[in-house]
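The substrate binding site annotation in Swiss-Prot covers N124, T174, K178, R295, H327, S379 and is backed by sequence analysis. Sequence annotations record features per position, and here Swiss-Prot assigns active site, proton acceptor to K176, H294 based on sequence analysis. According to Swiss-Prot, the feature N6-carboxylysine maps to K202. Residues annotated as Mg(2+) binding site in Swiss-Prot, with sequence analysis given as evidence: K202, D204, E205. Per Swiss-Prot, the feature site 'Transition state stabilizer' maps to K334.
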Amino acid sequence: MNESVTVRGKDRYKSGVMEYKKMGYWEPDYEPKDTDVIALFRVTPQDGVDPIEASAAVAGESSTATWTVVWTDRLTAAEKYRAKCYRVDPVPNSPGQYFAYIAYDLDLFENGSIANLSASIIGNVFGFKPLKALRLEDMRLPVAYVKTFQGPATGIVVERERMDKFGRPLLGATVKPKLGLSGRNYGRVVYEALKGGLDFTKDDENINSQPFMHWRERFLYCMEAVNKAQAASGEIKGTYLNVTAGTMEDMYERAEFAKQLGSVIIMIDLVIGYTAIQSMAKWARKNDMILHLHRAGHSTYTRQRNHGVSFRVIAKWMRLAGVDHIHAGTVVGKLEGDPATTRGYYDICREDHNPMALEHGVFFEQNWASLNKLMPVASGGIHAGQMHQLLDHLGEDVVLQFGGGTIGHPMGIQAGATANRVALEAMILARNEGRDYLHEGPEILAKAAQTCTPLKAALETWKNVTFNYESTDMPDYAPTPSVSV
């Protein structure tokens, strides 16, 4: 169906139930304005439901419609405020699924509010009965809207200047085990990892303030470790102090204490909510702190291919919200991450302008209006033996976090950190010399290991570790398998 079937005039406002496509929510001749917010949904209608009607219903229920005609529509600029589904395409190789392109007038959204944006776009509509499933695949955010957000508080360029580290990925590690350590032992892990050559250590998502270690105790021991490691190495170091708590008041208190102790970075979890994230981002900018976001909980709605919200959308929202770091996948690690899809995530974080790239799952051109760049973080099941693959897939503007790959080293934590640092330095040197480091990677690492016993032990310990599983979320226009490690 390529023509409009909208009912016009008085008949449009007769009491009763009317199909969404006849109420003005299906407008195939509509040309989106530069100022429109555009959303791409993957729509899976119930059996027997017209895909055009299902898509129009998504447009209606995410903007101005309800289940019946209401006369109060005539008191508004209804033609302007209705979301308009203007294109519906079958999803390649996915029978019964459709891509619905929906345009929203900018006036429907509050400036600078992810909470308001998400309340409309992913509000009630995801529970709509005529749909088997619904997924928000991508969004085009107009420049006029983007400029109402502050963007990353620090950004990649200023972070590198603050850390005095250039020309290579940054190295980190999540403290393990994530729960159960005392404050003193936790601080010892931080010191060993930083002294061994890492740039950062990190709290995990669920370490907050528990009986075995109060948050204040952790902060004190961690910052003591950071200061000692800086003195020993002559390098600037940091540890992501997780300020996530039950209330905003508690989070502000913890962030202020981290600042008083001299930390360069704090951390929050995605589960605190969009408004809390934006609030902490504003605090971080005001107080010159780097803000790390752990994407805890995201896979509950980003992983399934037919229902939920794509992580590329979450990445866009978080760049608007103003965090400086976000976990964005590893390609070769233990967590979900198709190579092409992950490339799309990284481009969203790091580029000033994103062209449409269907092969990476990016459906719209996106102008970031000079917002700072967001540093992606790769963590989860990576080790020194993958350094050539990580550098090739992810580039240099990334934090590579080797948690188990540092703390699980057979010679100890400091040796694990040294192994990762030497592997990275060897690979960067090979890259700068113009070598084909991706294909020569194993040879480069083996040569470096001849003069670095910790690296030799790491390569031997994890040489057979693979996470070769097919990804559940891949670009529909360029299906690719997960990378074999």
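Using N, Cα and C of the backbone, Cβ positions are placed for all residues, glycine too.
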Pairwise CA distance, K202 (N6-carboxylysine) versus T174 (substrate binding site), rounded so that it is a whole Å: 5
Entries of N124, T174, K178 which, being binding-site residues, have CA atoms within 10 angstroms of D204 (Mg(2+) binding site): T174, K178
Pairwise CA distance, H327 (substrate binding site) versus H294 (active site, proton acceptor), rounded so that it is a whole Å: 6
Those recorded positions listed as K176, K178, K202, H294, H327, and which of them has the most Cβ atoms within 10 Å of its own Cβ: K202
Residue among binding-site residues N124, T174 with least C-beta crowding, 10 angstrom cut-off: N124
K176 (active site, proton acceptor) and N124 (substrate binding site), Cα-Cα, nearest whole angstrom: 39
Any further residue of that chain within 8 Å (Cβ to the Cβ centroid of K202, D204, E205) of the recorded Mg(2+) site: T174, V175, K178, D203, N206, I207, Y240, N242, M267, H294, A296
Cβ contacts of E205 (Mg(2+) binding site) (under 8 Å, same chain, 6 or more positions away): K178, N242, T244, D269, V271, H294, A296
Three-class DSSP secondary structure - D204 (Mg(2+) binding site): coil
